[in-house]
Amino acid sequence: MTKLKPLPSLRGIAALSGIAMFAVLLLAVAPAVLSDHWLNNLGKYCCWAIAAVGIGLAWGRGGMLVMGQGVFFALGAYAMAMHLTLETAGDRVPGFMVLYDPLAPLPAFWEPFRSAGFTLAAIVVLPVVAAGILGYALFKRRVKGAYFAILTQALAVALATLISSTIRETGGDTGLSDFKFFFGFVLNDPANKVMVYLIAAALLIVCLLAVWQFYRSRFGELLVATRDAEERVRFLGYDPANIKLVAFVVSALMASIGGAMFVPIVGIITPAEIGAAASILMIAGVAFGGRASLFGPALGAMAVGWGQSSLGSTWPDGWTYILGLLFVVVILFLPSGLSSLPARFAAIRRRPAEQPTPPITAAELEEVRA
Amino acid sequence: MDALISQLLNGSAQGALLLLAALGLSLTFGQMGVINMAHGEFLMLGAFTAYLVQQVIAASDLSIPVALPVAFVVAGLFGLLLEVTIIRWMYRRPLDTLLVTVGVSLILQQAALQIFPSQGVPVEKPSWLDGQLNVLGYEWPLRQLFTIVLASVCVAALSAWLKYTSFGRRIRATVHNRDLAETTGISTRTIDRLTFFVGSGLAGVAGVAASLIGGTNSQMGAQYIIPAFLVVAAGGIGQLKGTIIAAWAVGVALSCFAYWTTGSLAQVLAFILVIVFLQVRPQGLFTVRTRSLA
Amino acid sequence: MTGASLVVTDLHVEFSGFVAVGGVSFDAHPGEVRFLIGPNGAGKTTCIDAITGLTRGTGSARLGETELLGKQVHKIVRLGVGRTFQTASVFDELTVLQNLDIAAGLHRSSVSLLRARRGVDPSIEQALEETGLAGELATPAGILSHGQKQWLEIAMLLVQDAKVLLLDEPVAGMSHDERTATGDLLQRIAVKRIVLVVEHDMDFMRRFATRVTVLHQGKVLSQGTVAEVQADPKVQEVYLGTAGAATAAAMAVVPEAVAETLKLTED
């Protein structure tokens with residue numbers, strides 16, 4: 001350790017002040033300016049943004065196209081929803097279960113979710129264990145690229161189907177809803193709603209800080225190196241599977257946290273929020289904002305979330321077309337998302353003839369050749 | 001035993017439908033490396049084509065045989081359009097192709113939803129499919145048998161086309177070594193377009209078969225795309241016989257699981273089965289070992 | 001650490017029935033620059049692939065007392081066996097320093113991976129000096145010249161503290177001066193390490209090889225010093241057969257021309 005390298009710290013300060021600005025906007029300005037309704041909406045976008053930050057890490061930096069983040073979103077969401085349902089039901093069996101079979105007892109796997117501590121632990125541990133096992137199995141067998149994407153998507157489809165078909169255990173297609181309490185706080189109380197929003201927004205800031213540290217760390221460099229030339233990393237003595245596993249598990253954890261906060265804010269969780277379409281929606285935001293950038297995924301997810309919940313309900317037909325076109329246009333012409341626009345304009349101004357070429361990862365090329 | 005045989009036959013028919021859906025994919029994904037998530041919507045186009053042909057030719061006995069080639073051409077032309085406008089720019093970005101075609105599939109689904117009634121359209125089955133055939137003491141619906149025959153014909157035609165025609169040979173040459181193929185005077189652009197046309201067209205044929213078995217609506221393509229991809233992956237990329245065996249196995253598994261449990265749980269189990277299988281054999285059933293490129 | 005040698009015994013590699021390497025044995029010791037030569041398809045690169053775990057081989061490849069065959073790629077690297085590739089493969093988007101830092105990170109704890117880099121390791125500075133890349137510290141590896149990329153790869157092997165350096169055509173595409181610089185570099189680093197070079201360039205081989213192993217159709221054709229190998233009638237026959245232009249004796253007289261011919265026929 002002889003010389004200090006001053007270069008990255010400058011960018012580091014810029015990124016940090018960006019996060020700080022974002023934090024002020026979300027935590028101080030938004031609650032003061034927005035109506036309850038819009039603050040609640042913003043909270044929902046924050047939840048999607050939390051999941052998106054994780055996707056940015058896994059896909060943008062790690063090259064793993066996670067098309068089934070709905071699975072981990074669901075783990076957090078259903079863990080939280082089960083706890084809130086039990087909290088609302090008190091000592092009795094939740095209402096929807098009674099509907100199908102009045103005498104049957106509470107399913108055994110629901111029982112531990114009575115405990116707030118267990119629920120909070122489950123929100124963290126479940127996705128880590130699930131993603132750990134899945135990732136270990138897939139990455140060690142060198143499943144990557146399109147295979148990985150399709151398999152994760154298949155899991156999201158499978159989980160959504162499973163939940164749909166187990167009406168008595170999970171609420172099926174109608175999902176879990178009508179939560180009255182949030183860890184003892186009455187959810188109807190506007191003050192408590194603001195509190196729930198603030199928790200979600202704060203968690204988003206924490207996740208941004210976490211990936212910021214990831215990106216500037218040696219691990220971040222290693223992750224990019226693995227994305228661009230996995231075999232080469234292997235010949236440097238690292239096991240790329242472990243590197244990818246860490247990024248994948250962290251992204252799963254973030255999806256779970258996003259899902260957990262989604263439940264008290266939106267008040268309902270159904271298989272539609274976690275299935276293939278929902279998982280693709282999460283990807284859409286990340287692609288739109290800029291998969292490999294720090295703020296791109298979060299801002300993109302918020303933009304798409306806004307489109308989904310406002311346009312999606314007032315003009316559903318048009319919104320689907322917009323979403324489809326968004327994929328086509330952004331991926332085709334702007335693979336690094338909106339966040340790459342400033343750099344692009346700068347590059348065009350500097351040398352008008354030369355267009356920056358979209359990045360092609362070695363892993364992707366290898367995928368075609370294999 | 002009876003139950004087992006009936007599930008085996010039933011599963012074979014399901015597998016044949018999966019095979020039809022996967023056949024085009026194994027061509028575009030296996031031979032060209034293009035991951036086309038709109039493939040399921042091309043299948044949907046085939047099903048709607050069967051419906052539209054029926055509006056022109058009311059006699060369903062005749063309309064379905066007519067619909068098969070028409071659906072092939074319609075879906076094929078849509079595929080060609082997709083290749084020419086979008087996919088040709090993305091051959092070096094396979095993962096991005098996947099996402100772009102997700103967008104295309106959303107647009108096609110929405111268009112179908114607006115053009116046709118949202119609950120779907122009825123496709124009349126021809127009367128010659130009403131009967132049953134006695135197989136091993138089990139009454140086998142001709143409808144199922146038809147799917148199997150159709151799938152077999154498509155497989156035979158495709159492999160003969162790849163093997164014996166000059167176009168087929170050029171496709172294989174392009175797959176093996178694109179640069180070399182170009183230097184020997186093969187227009188790889190033409191080959192790409194043709195391959196995509198045929199692959200998408202096969203989805204259209206699958207759509208006609210699907211319209212005779214299940215509902216014809218805007219969501220039907222989404223049902224088939226993931227299972228079809230899993231079949232191609234499990235069979236081994238670019239391996240036709242692998243795709244056939246995988247499709248059959250998944251079909252039988254689906255049918256047996258559905259018999260033991262419920263339909264939706266069967267889907268979950270079949271998915272998990274394929275995922276576990278890919279764990280054991282990530283390269284699929286059949287692979288060619290070559291010196292790996294460092 | 002100068003004691004351990006790389007000993008390859010009866011190495012076999014097959015691809016779907018095709019025997020690429022059929023029973024190759026050789027050894028390489030610290031202090032010598034060992035060359036592996038042979039016509040195209042002789043199995044040179046496949047030997048390296050098998051030793052580094054990229055392709056599966058049978059037989060034995062030992063570093064000191066440790067068997068390498070059958071181990072995973074990254075574990076073999078951790079035992080001290082490093083390699084380069086025919087096409088320079090560095091991380092184009094990362095700077096020279098970042099490339100070296102990743103290579104040096106091999107023995108770091110996982111916790112330190114989560115921290116940002118604060119300085120330059122002494123081992124990295126040393127490798128930069130050794131390979132003459134000290135001025136390129138902050139240059140993205142993608143815009144280095146071809147020769148510099150190859151040197152960066154060698155520097156990466158140095159910082160990862162490889163005991164064995166397996167170099168696949170390290171001077172391909174280099175200018176004459178760059179070849180000389182690379183040869184001198186190899187002789188310097190070979191003092192304490194095992195250096196095994198796969199090469200087509202006969203002139204380069206003659207100038208810098210300590211000992212040479214000639215492979216032909218997956219088997220060892222000849223082994224010894226440059227002079228011994230060149231005098232071997234079997235080698236002369238093989239090179240007459242493939243190059244069809246000159247005898248091995250003539251190779252010694254008009255080295256550049258023959259080397260060019262050989263390269264043309266082999267590429």
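The backbone N, Cα and C atoms fix where each Cβ goes, glycine too.
Annotation comment: TrEMBL describes A:12-30, A:42-59, A:66-86, A:116-139, A:146-164, A:194-215, A:245-269, A:281-306, A:318-341 as transmembrane segment.
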(request) Using a Cβ-Cβ cut-off of under 8 Å, list the residues of the same chain that are 6+ residues beyond the ends of the transmembrane segment (A:318-341) and lie near it. (result) 281, 284, 286-293, 295-296, 299-300, 304, 307-308, 311-312, 358-359
(message) Pairs of Cβ atoms less than 8 Å apart decide it: which stretch in A:42-59, A:66-86, A:116-139, A:194-215, A:281-306 has the most with the transmembrane segment (A:146-164)?
(response) A:66-86
(message) Cβ under 8 Å, sequence separation of at least 6 from the ends of the transmembrane segment (A:281-306): give me the contacting residues as numbers and ranges.
(response) 15, 18-19, 22, 41-42, 44-46, 48-53, 55-56, 59-61, 65-67, 69-70, 73, 204, 208, 211-212, 215, 255, 323, 326-327, 330-331, 336-340
(message) If I count Cβ-Cβ pairs under 8 A between the transmembrane segment (A:66-86) and each of A:12-30, A:42-59, A:116-139, which range comes out on top?
(response) A:116-139
(request) Determine which residues of the chain contact the transmembrane segment (A:245-269) at the Cβ level, with the cut-off under 8 Å and only residues 6 or more beyond its ends counted. (result) 40, 43-44, 46-51, 53-55, 57-58, 61-62, 64, 66, 69-81, 84, 123-124, 126-128, 130-132, 135-136, 139, 175-179, 182, 187, 196-197, 199-200, 203, 207, 210, 214, 219, 223, 282
